[in-house]
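So the structure is just underneath, and the comments pick up after that.
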Amino acid sequence: MRIELERRPKVSALFSILSPFIAFALTIVFGGIMFALLGKNPVAALYSFFVEPLSEVWSLHELAIKAAPLILIGVGLSVCFRSNNWNIGAEGQFIMGAIAGSILPVVFYDWQSPLMLPLMLVLGMIGGALFAAIPAFLKAHMNTNEILTSLMLVYVAQLFLDWLVRGPWRNPEGMNFPETRTFGADAILPEMLASGRTHWGFAFAIIAALAVWFMMRYTLRGFEITVLGQSERAGRFAGFSSRKMIWFSMLFSGALAGLAGISEVSGAIQQLRPVISPGYGFTAIIVAFLGRLNPLGIIAAGLVLALTYLGGEAAQLSIGVSDKVTRVFQGLLLFFVLSCDTLIHYRIRLVRERFAALKTDEAH
Amino acid sequence: MPVKGPIASGPLLAVSNLTKLFGSFAACNAINLHIEPGEIHALLGENGAGKSTLVKMLFGVLAPTAGEILWMGDNVRIGSPGDARKLGIGMVFQHFSLFEALTVAENIALSMDRSISLARVAEEASRLSHVYGLPLDPNAHVADLSVGERQRIEIVRALLQNPQLIILDEPTSVLTPQEADRLFETLLKLKAEGRSVLYISHRLEEVQRICDRATVLRHGKVTGACDPRAETPASLARMMVGNDVAVVTSEGTNTKGDVQLEARHLSVAARTPFAVSLKDVCLKVKAGEVLAIAGVAGNGQSELFDALSGEYPVADDNAVQIRQKPVGTRNINARRLMGAGFVPEERHGHAAVSSLSLSDNLVLARNQSDKRAFLGGGFLKIIRQGAVKAATKRISEAMDVRKSGEDPPAGSLSGGNLQKFIVGRELDRQPAVLIVNQPTWGVDAGAASRIRQALVDLAKAGSAVLVISQDLDEIFEVATEIAVICEGRLSDPYPARELSREKIGLLMGGMHGKTEGAGAAHAH
């Protein structure tokens with residue numbers, strides 16, 4: 001006996017919409033079980049994880065700060081994933097964007113100009129895009145698997161950053177801490193609102209999401225992305241080049257990840273450190289799928305996943321569990337999103353017959 | 001070999017009220033059918049009529065939802081192909097299940113009892129193949145064999161079980177006319193021995209030629225049982241389709257104009273290990289002509305289409321000419337802008353994206369050729385949904401595309417209706433050159449005749465039309481000139497009126513008209 005997935009003749013429209021919500025509910029249930037197993041009161045723990053962070057103005061600002069990179073990267077990844085290009089290395093592109101954008105405030109720290117910030121943002125996008133160009137080139141011209149190359153390059157980026165802040169870019173006046181100089185006033189992404197710390201990175205995220213939504217829905221470019229993602233052969237018939245699409249989607253998502261990186265560094269951290277991201281580039285993959293690869297859905301999903309970061313910090317303080325709980329919740333969420341989607345498209349069937357293999361051979 | 005067991009006086013196989021539901025869809029709806037000993041019984045029907053579902057239930061691949069199967073008068077439950085073989089039912093599938101790396105004897109041995117030695121299997125197989133006129137070398141590797149020879153392996157494999165009923169699913173769809181003739185001789189021999197054959201086909205001529213009785217299916221129901229020899233092709237088609245199929249007319253002479261499409265010594269290396277390379281292909285299609293390229297599947301048809309359409313441009317710019325301008329290195333949209341239109345063989349995932357709406361699929365083929373009408377917003381290239389939807393409606397009406405709703409996903413249309421849309425999408429542009437690969441493959445008779453008429457009319461209106469097809473009936477209906485492709489080589493073109501089926505058959509087998517006498521002797 002074995003288990004088979006059998007394609008459903010018709011996909012339920014209702015459950016397609018409900019799927020992210022069901023996944024979120026299941027995550028809560030299993031999270032509660034996990035807290036109970038840890039010996040905590042599940043209701044109180046879940047409350048401090050998911051509700052408390054939303055109850056104060058400052059923490060709402062923190063939510064927006066954490067959501068900004070998730071949404072920016074997630075929107076870029078949605079273009080990649082829709083076109084059937086699997087960029088898993090946004091974390092590395094985020095770091096390289098942050099490094100490229102930091103060249104001006106770290107190396108040319110005494111230069112003062114209102115051009116400083118716009119140039120940093122542009123450099124950040126270029127840095128992210130160039131780093132994504134490596135897996136793009138390897139896939140387009142060497143037929144390499146981009147999942148592996150983009151993922152492995154993350155470690156290259158992380159170690160490169162580590163070396164920079166401990167070596168050439170270390171702050172000479174920083175008492176040997178592995179940090180760069182703190183950015184000058186011209187190099188800091190300002191706050192959006194008077195009420196708190198949220199910087200303009202959040203606005204970039206929303207603008208990017210709306211722009212990509214418009215592109216996917218109304219323009220020929222969006223159509224090209226959809227067609228090539230569904231069938232390369234049909235795309236070729238339409239005159240679209242899958243090779244060019246590899247370049248476009250990888251560079252585009254790399255640029256947005258780079259913008260997220262420099263925005264985070266310039267707006268929230270204001271210097272480079274050995275670690276500048278709590279895994280935004282990886283979490284954004286969950287954001288993209290939870291948002292159903294739809295830019296508007298990604299805004300909502302980005303806020304939800306940002307909440308898991310805040311909740312993890314809050315739970316660490318108030319109920320004394322490890323902040324690894326955040327990772328567990330993110331993992332549960334991705335698992336349930338993907339399983340819900342699978343079960344919407346397929347049903348599970350137990351196969352007992354001896355001639356099951358023959359059947360599949362003869363089905364086509 | 002004598003038939004085993006007592007010959008029952010009643011029918012060999014009787015099926016009553018056999019029903020198969022997939023969800024709420026009845027693929028087979030209360031089918032009644034009986035097969036007498038020693039008859040060749042035809043199962044006729046269009047694609048999707050329920051023929052394959054019925055046969056799969058008889059062979060134990062699918063379980064019936066309701067109804068019963070009587071084998072020599074006994075009510076039986078056929079739970080697996082093994083059960084079916086034990087009863088005495090053998091089957092030859094349309095798609096073969098052979099291992100290419102193994103020899104003929106090894107492939108046959110795989111389906112036999114393990115205790116029988118390979119040498120005995122080989123001996124028995126070659127004896128059977130000799131008796132039934134199915135020459136086979138048991139030690140040949142399957143990879144080296146033609147499609148016809150592979151089919152013989154399947155038939156011999158079925159015969160080794162000494163079956164009383166042999167089911168053949170569309171056996172001639174992959175054969176040349178000569179190979180088909182040999183198959184028919186074998187079937188008549190089986191019949192003479194008292195065995196029964198269930199012969200599934202949609203080719204009316206064949207059915208009339210060899211079958212004693214026919215059962216016709218339409219939409220999962222039996223719509224007729226008859227003696228096919230007492231019917232005309234038109235009356236059989238009516239039972240299959242439900243209404244009279246329009247006959248394609250090509251009255252009047254086409255006025256031929258300048259050469260619109262030309263291939264000059266087009267050679268293309270195989271892109272993959274399974275592809276065929278094109279060797280020095282030359283062809284010319286004038287305005288007003290329909291050049292049909294016949295050939296058995298897998299002889300370079302797709303590769304020729306790819307090179308002519310520009311989906312895979314070639315190195316030599318002069319090798320392909322559209323309206324007397326070299327385009328060999330140009331891509332498909334550049335060729336469309338010069339007035340060419342293309343219809344590939346595969347509907348889903350090539351000519352259309354199943355999950356996208358019809359209007360999106362219109363943009364798929366015409367995003368450059370009609371960019372003035374379909375795109376706006378300058379560099380943003382915003383798709384003008386209004387204009388695209390209007391054109392979709394126009395095409396659907398012109399080609400009588402039946403669909404659920406205004407703009408449904410392409411995947412929800414039946415094969416025939418989607419194909420009408422895909423062809424109509426090109427005709428709507430009135431292309432000067434139209435290249436079509438398998439225009440009516442897997443399409444119902446009504447849609448097929450509509451599409452063929454449209455191709456004929458397009459040529460009459462002064463366009464050059466190239467049709468690549470495996471269907472000889474279709475070729476004779478639409479073509480003014482015929483050439484044959486075999487192993488990537490294209491024969492010289494012949495005027496359609498001067499070419500017989502026998503001649504085409506020889507060309508399909510690789511006799512390129514140069515060694516006709518010797519070739520004919522060899523082929524028979």
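Along the chain as shown, residues are numbered 1 onward.
Glycine residues also receive a Cβ, built from the backbone N, Cα and C atoms like all the rest.
Listed features, source TrEMBL:
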TRANSMEM  A:12-38  transmembrane segment
TRANSMEM  A:58-81  transmembrane segment
TRANSMEM  A:93-109  transmembrane segment
TRANSMEM  A:115-138  transmembrane segment
TRANSMEM  A:147-165  transmembrane segment
TRANSMEM  A:199-216  transmembrane segment
TRANSMEM  A:245-263  transmembrane segment
TRANSMEM  A:275-291  transmembrane segment
TRANSMEM  A:298-319  transmembrane segment
TRANSMEM  A:325-344  transmembrane segment
Cβ pairs under 8 Å between the transmembrane segment (A:58-81) and the transmembrane segment (A:275-291), at least three: yes
Result, the transmembrane segment (A:275-291) in contact with the transmembrane segment (A:93-109) (3+ CB pairs under 8 Å): yes
Same-chain residue ranges lying at least 6 outside the transmembrane segment (A:245-263) that approach it to Cβ under 8 Å: 68-69, 72-73, 75-77, 79-80, 83, 85, 87, 90-91, 93-102, 120-121, 123-133, 135-136, 139-140, 146, 189, 199-201, 204-205, 208, 224-225, 228, 235, 276-277, 280-281, 284
CB contact flag for the transmembrane segment (A:199-216) and the transmembrane segment (A:115-138), at least three pairs under 8 A: no
Contact yes or no, the transmembrane segment (A:325-344) and the transmembrane segment (A:115-138), 3+ Cβ pairs under 8 Å, gap 6+: no
Same-chain residues at least 6 beyond the ends of the transmembrane segment (A:115-138) whose Cβ lies under 8 Å from its Cβ atoms: 87, 89, 92-94, 96-105, 144, 146, 149-150, 153, 157, 184, 186-189, 246-247, 250-263, 266
Beyond the flanks of the transmembrane segment (A:147-165) by 6 or more, those residues with Cβ under 8 Å of it: 86-89, 91-93, 95-96, 98-99, 131-132, 134-135, 138-139, 178-180, 272-276, 281
Within-chain partners of the transmembrane segment (A:12-38) [C-beta distance under 8 Å, separation at least 6 from its ends]: 45-46, 49-50, 290-292, 297, 301, 304, 321, 325, 328-329, 332-333, 336-337, 339-341, 344
